[in-house]
Amino acid sequence: MENSRKIVFCSMLIMMGIVFAESRNTVLHRVGGGRNSWAPNINFTEWSSHEQFYVGDWLYFGFDKQLYNVLEVNKTSYDNCIDEDFITNITRGGRDVFNLTEAKPFYFLSGRGYCSKGMKVAVYVYDFEPPLAAPLLVYNGYPRIICSQTIQYVLLAAALACSTLFKYI
């Protein structure tokens, strides 16, 4: 009875390790790259092209709220710098965040005429897909991929080794 508890405990630890290894921490993206970079004359298209946005990430907009604002808009409003009938006004205090909650394009602009001065950004959000676990081995000079069944055997062996260690601890 005691051994089966140890095996279950070790198996749970290994499985938790696998689950956490395939997840990622959310990222806070500072729009424009700086602390207060939601301003005219910044190339937000260039900035966003070097970022990778995933569901759960956050956008940080730092700006002077007396001059600028941040509006989430649709693609038509984004393309034509229309600041009416926006989806969400993100503006609160000039250091505002927005959670990217789904995989889709999000469009933001600053109203009051600043959109036409370049204050707009489009971000394309993706679901996070963990990398495939297929390590390569070289066998007689030829690469071989470890199949998932081999990985399962390794995990089973680790769980058994863990339970054996608990006998002597």
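Even glycines carry a Cβ here, placed using N, Cα and C.
Remember, TrEMBL labels are computer predictions, not curated facts.
According to TrEMBL, the features are:
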| type | residues | note |
| --- | --- | --- |
| DOMAIN | 27-127 | domain 'Phytocyanin' |
| SIGNAL | 1-21 | signal peptide |
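Computed over the domain 'Phytocyanin' (27-127), the whole-number mean pLDDT of the model equals 96. Applying DSSP to the domain 'Phytocyanin' (27-127) sorts its residues as follows: 15 helix, 32 strand, 54 coil.
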